[in-house]
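As recorded in TrEMBL:
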- Gly479, Val480, Asn481, Ser482, Gly483, Gly484, Lys485, Thr486: ATP binding site (BINDING)
- 472-657: domain 'DNA mismatch repair proteins mutS family' (DOMAIN)
Amino acid sequence: MEFESIPGVGAKTASALAEVEGAERALREGDVAHLAGAPGISQGRAARIARGAIRREHDDSSRLLRTDRAREIHRELLSLLQERAITSYAKRRLETFYPSASPSRIEEVREFAERAIEREPDPEAREALAGVEPLEAARDVRVRDRCLVTNDAETLAAAREAIPELPVEVVEDARGLAELARGYSTVIALDETFTGVEVDGDVQVRPDALADPVEVVPERVLSFFAANRESIRAAVAVHRAADMEPPCDLRALDDALSRLGPDGEVRDDEELERLSTAVDDLDASVHTAESVANDHLRTAIEERDVTIEGTDLLSLAERGAGIDSLLSRELADEYDAAVEAAREHLIDALALDSGESEIARNAFPEEPTFPVEHDEDVVGRLREELVAAKERRATRGKRELADALTELREPAAALVRAALELDVELAVSRFAREFDCTMPEFVEDGVTIEGGRSPLLAEPLEVIEPVDYSVSGVTLLSGVNSGGKTSTLDLVCAVVILAQMGLPVPADRVRLRRFSELHYHAKTQGTLDAGAFEGTVKEFADLAAGGEGRLVLVDELESITEPGASAKIIAGILEALGETDTTAVFVSHLAREIRAAADCELAVDGIEAVGLEDGELVVNRSPVKDHLARSTPELIVEKLAREEGTAIYDRLLEKFEP
Ligand SMILES: Nc1ncnc2c1ncn2[C@@H]1O[C@H](COP(=O)(O)OP(=O)(O)OP(=O)(O)O)[C@@H](O)[C@H]1O
């Protein structure tokens, strides 16, 4: 893949990506965590690269979010989605969903989202997801009991490349081979020329060994599974809990993993355990066996009256020796019994098999001595035999397990990926369920929201009043203080962003056009100085100059300067925007004045107060179409006129009449 053709990817990033195995798959699947494995690439940068790859695929150069407030709302929505994901993989992956104007990109995510919202966020699956992490490469494996051997430079280089875990030695002849066979428990010769060379030890001539690394280093695949065991197990649990179709037989995978120890060793092999324990306990058991024999013999001697012939006594006295012949004559049976007890003890304690027992029996001499002493040479031979058998067994066990696991490597990777993807789906599903979302419909014009609940309001969900609002063309939105005007703009903005990300929206029903740009200007704090005012006017003049299919949301632009001038400027901007293909909502307390200053008919919607309750205004949060809402001061004067009945209030009230 040409990484540099991804928007935003230069030569340096492209070469970093080239170092990542499976970068193309990761780009295709939006696997941000995997891309962040490239040298010098942060998670945030990886998400931008993944978005760039998606844009390239859809030929999408759209840039929907055009203002700080629009970007801020996008970030808040993303956080709400991310809070509902368990794995950091899913949190990053959600960042690849961006608001777009590209129909094919939106459609692609919609297909994903439609699947996602069908997912039941099962608590058991969520719990299991906590243990799932993207798979790591195998830890560095170094094998020291085997080596590869060649006498050819080319094979040497190929061997180092194909099997870096093993030492590769160069030898010329049988003598060199024999030397290596003494140092390593297995020597694998890679050249045909070694065929028929007779040396002691385990020397295998296998010219095809490099083609079958699993056979030569089963540790490679075992180490991969050991490093990822917990994550794979958690992914198995996720599949079971969420009733997902697995890519392999989960029981076979479970079984194979249960035979693998945390350091890549084979577990639950009784024969291997027997041999390991025998090697570990050999010295101690030999000593105990010796004591068994000596205790036995001592007791026998203590219990016996021995008649010593004069010649024996003489020989004992003269040479200080000869006790052995005395023993053999007088206590031969007891000695045999004592040595037999020692042999039995050794064989039993180490659970030796018949071949090993035969060696073990020779560890105690037939010739009577007291005290009984073991033969160190024989014990040494027994140790060698046990160690060799243990290594053979361990290698065989590793090969068998590695064979079973090699076939499961791809399915296990797919299993983990599917579990992580499920987390992405569950985050979307939870968001959709908690905010009662639906999939929006795309239409030709405007935005129509029925029963919209802004996810950005701080209020608990149950007290949020559903809002209906429909806009097409250019509209002013009037209303009482704290009636919910800003919240309505936020709702429209959030709905448009989610819809154009391809995601479900928090409303009973939404129809909207696919906007090309979203401009949301938040309320300015206080009057602007001359420079800032000039900048703002220019910005709006540019906006009015053109562009197809934009959505413009503006909150109380009047605060930029004094009310009289503001009304004139807003009226002019609205007139100009009305002549373009723009959908716009301008929230303003000066709707009446703006309308008066405009040369054309301007639509005005209003958030109405429906009454006063305990001194608080009760409002209908859904703007009423073509209705200039009365302002809070007007409502208060009206209340005073009603309650006080004084002429002055009637006079004030008259001033509010159009
Ligand atoms: N749909 C709603 N459901 C419940 N509470 C709402 C809703 N909309 C707004 N509110 C509440 O009303 C408060 C004021 O809303 P908002 O700031 O949108 O009003 P406003 O009309 O823009 O006010 P102002 O004229 O002072 O700028 C919000 O902080 C929220 O507590």
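A Cβ is built for glycine as well, from the same backbone N, Cα and C atoms used for every other residue.
When other Cβ atoms within 10 Å of the Cβ of Gly483 (ATP binding site) are tallied across all protein chains shown, the result is 24. Residues Ser487, Ile607, Val619 surround the recorded ATP site, their Cβ atoms falling within 8 Å of the Cβ centroid of Gly479, Val480, Asn481, Ser482, Gly483, Gly484, Lys485, Thr486, which are themselves excluded. Listed binding-site residues: Gly479, Gly484. The one with the lowest count of other Cβ atoms within 10 Å of its Cβ is Gly484.
Here the domain 'DNA mismatch repair proteins mutS family' (472-657) returns a mean pLDDT of 88 for the predicted model.
Sequence-distant contacts of Thr486 (ATP binding site), defined by Cβ-Cβ distance under 8 angstroms and a gap of at least six in the same chain, are Lys523, Asp555, Val587. The secondary structure of Gly479 (ATP binding site), as reduced to three states from DSSP, is extended strand. Classification of Thr486 (ATP binding site) by DSSP places it within a helix. Taking the Cβ of Ser482 (ATP binding site) as centre and 10 Å as the limit, one finds 13 other Cβ atoms among all the protein chains shown. Applying an 8 A CB threshold to same-chain residues 6+ apart, the list for Asn481 (ATP binding site) reads Leu617, Ser631, Thr632.
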